[in-house]
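Residues annotated as Fe cation binding site in TrEMBL: B:H114, B:H118, B:D311. Taken from TrEMBL, the feature substrate binding site applies to B:L137, B:V138, B:S139, B:G140, B:G141, B:D171, B:G184, B:D188, B:N283. Taken from TrEMBL, the feature domain 'Gcp-like' covers B:27-317.
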Amino acid sequence: MLVLGVDTATAAVTAVLAEVDADGVRELASAVTVDGRAHGERLAPSVAEVLTRAGRTVGELSAVVAGTGPGPFTGLRVGLVTATAMAQALGVPTYGVCSLDALGAAAGPGRVLVATDARRREVYWARYVDGVRTDGPAVAKPADVHVDAERAVGDGAGKYAEVLGVRIVPEPRYPVGAVLVGLAAERILAGAPGEVLEPRYLRRPDVTPAAPAATRPAAAGTPR
Amino acid sequence: MTDEPLVLGIETSCDETGIGVVRGTTLLADAVASSMAEHAKFGGVVPEVASRAHLEAMAGTMRQALDTAGVRLSDVDAVAVTAGPGLAGALLVGVAAAKAYALAAGKPLYGVNHLSAHVAVDTLEHGPLPEPAIAMLVSGGHSSLLMVEDLAGRVEPLGATIDDAAGEAFDKVARLLGLPFPGGPPIDRAARDGDPVSIDFPRGLTGPRDLVRHRFDFSFSGLKTAVARWVEARERTGEPVPVADVAASFQEAVCDVLSRKAIDACRTRGVDTLLVGGGVAANSRLRAMVTERAAAYGITVRIPRPKLCTDNGAMVAALGSHLVAAAVPPSTLDIPADSALPVTTVSLADRL
Ligand SMILES: [Zn+2]
């Protein structure tokens with residue numbers, strides 16, 4: 001079955017096209033752009049690109065898998081709304097996977113800490129034993145993360161290596177597309193009902209109303 | 001007329017998730033999910049709350065729009081979306097969704113300007129817009145006078161607010177008077193029982209010197225302050241605040257300035273069609289005053305019904321349909337959501 005995977009929970013904008021069958025997951029094409037401000041611009045072209053590179057059409061897709069975060073909100077939503085809308089248009093199911101799992105499962109055996117950059121001097125983190133999540137996901141200041149691991153992966157781990165005080169492995173740095181799809185493979189092959197993709201924000205919204213700005217057309221207030 | 005373009009429009013620039021479907025200038029569906037209730041307790045739209053609500057509402061609103069219109073996504077000729085201006089995070093949800101729908105359905109994408117969409121929506125009610133036309137867009141976020149030479153691509157800004165938007169002034173004055181948010185409808189209602197000439201509130205940027213530099217600009221912050229001072233003075237003396245009279249006099253001042261400047265723009269530019277849009281265009285006094293004053297100069301006024309004046313997907317679809325009919329090239333999949341998209345950019349088609 002042809003499956004599209006997308007993840008925008010980190011600075012990496014990831015689209016992957018994979019064939020999923022009883023033998024496993026075979027990556028056909030993937031596109032990764034690292035740019036924390038370009039999720040909205042890059043994702044759709046990347047999806048089009050992986051389809052073209054694999055010589056497949058969008059109509060052949062059987063499912064869409066999306067990383068549900070945690071991640072900075074604005075970028076995270078791009079992946080989720082893209083997956084939701086594409087799947088709705090195609091009439092195929094969507095499956096959600098915790099984005100940190102697509103790092104943890106890719107990090108190999110042993111006790112591993114996954115930490116991604118949550119901005120505001122915090123990290124999103126989770127702990128894994130042999131690729132299976134045992135704690136998290138959560139958001140915390142690096143100094144407050146209970147490390148308890150042999151090594152750490154993720155861009156947040158690299159950024160706060162000194163505070164975390166654990167061996168940092170440079171790769172994987174961002175959620176791995178084919179691994180993301182693999183984590184949904186069981187559900188895909190079982191024909192499990194699709195899931196509504198719920199973002200893992202882990203933080204409440206700042207509730208400051210939009211500042212009135214004469215130049216902005218749609219700020220606080222009404223009537224519009 | 002089934003040979004007219006069938007266009008889907010997506011709007012997420014503020015707190016309304018709107019998806020509309022039009023064929024030519026015929027409205028087939030106008031589905032709107034609003035997060036306004038969630039913002040009311042904060043006295044203004046909270047961007048992150050709005051963005052979260054857009055994501056949650058997207059698929060359901062799409063389903064509703066397609067069902068109401070009785071069409072499938074594969075039937076449409078194009079997908080249009082508000083690319084700006086608006087709240088950055090909110091816009092992005094709609095733009096990303098529109099790209100995905102367009103990509104999955106294999107349809108062209110049109111990233112369009114929210115302000116031009118407010119103009120285009122009138123075609124759904126009153127048919128093709130005579131060009132040139134003057135458009136006055138007044139809402140909680142915009143107060144603009146535009147010269148619309150060609151709705152498909154030539155729109156020139158004549159003036160805009162230099163401080164608060166007209167709708168924002170309604171919200172702030174409503175709060176002063178203890179009326180609920182959003183302030184437009186309750187002020188309109190309260191004003192019906194009040195005397196509009198009982199209090200002489202200031203008319204911003206209408207003095208002789210203002211007219212040199214700011215002839216077509218608006219300012220409502222001085223008016224809001226004047227209302228606040230007047231109410232405070234009343235409260236200090238222990239007298240009750242005559243809410244209806246304050247509401248009526250405030251509303252009269254806003255509508256006086258808006259209608260005066262709009263008609264001045266028409267006369268200066270020799271244009272005989274005036275379009276009024278945006279949420280404040282739902283105000284009953286503004287509709288009456290503009291219509292009456294325009295008639296004196298032989299200017300035809302077009303104001304869409306209130307449901308079409310507020311933000312919705314139908315307006316985006318209406319502009320998209322106009323662009324398709326005008327053979328404007330579509331946008332590419334890498335267009336940005338631009339929170340400060342200039343008025344002059346009607347669509348992102350030709351910019352990239
Ligand atoms: Zn608007």
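Cβ atoms here come from the backbone N, Cα and C positions, even for glycine.
Nobody curates TrEMBL annotations by hand; they come from automatic prediction.
When other Cβ atoms within 10 Å of the Cβ of B:G184 (substrate binding site) are tallied across all protein chains shown, the result is 28. Annotation for B:S139 (substrate binding site): same-chain Cβ neighbours under 8 Å, separated by at least 6 residues, are B:H118, B:A165, B:A166, B:G167, B:G278, B:G279, B:V280, B:T310, B:D311. Note: the Cα of B:N283 (substrate binding site) and the Cα of B:H114 (Fe cation binding site) are spaced 20 Å from each other. Each of the binding-site residues B:H118, B:S139, B:G141, B:G184 was checked for a CB under 8 angstroms from a CB of chain A; the ones meeting this are B:S139, B:G141, B:G184. Counting neighbouring Cβ atoms within 10 Å of each of the binding-site residues (B:H114, B:H118), the lowest count belongs to B:H114. Secondary structure at B:G184 (substrate binding site), as computed by DSSP, is helix. On the backbone, the CA of B:G184 (substrate binding site) and the CA of B:H114 (Fe cation binding site) stand 21 Å apart. Within the model, the domain 'Gcp-like' (B:27-317) shows a mean pLDDT value of 96, rounded to a whole number.
The Cβ neighbour count for B:G141 (substrate binding site), using a 10 Å radius and every protein chain shown, is 34.
A Cβ distance below 6 Å to any atom of ligand 1 is met, among the binding-site residues B:L137, B:S139, B:G184, B:D311, by B:S139, B:D311. Between the CA atoms of B:L137 (substrate binding site) and B:H114 (Fe cation binding site) there is a gap of 11 Å. For the pair B:H114 (Fe cation binding site) and B:G141 (substrate binding site), the C-alpha distance works out to 11 angstrom. A 10 Å cutoff on Cβ-Cβ distances gives B:N283 (substrate binding site) a total of 28 other Cβ atoms nearby, all chains included.
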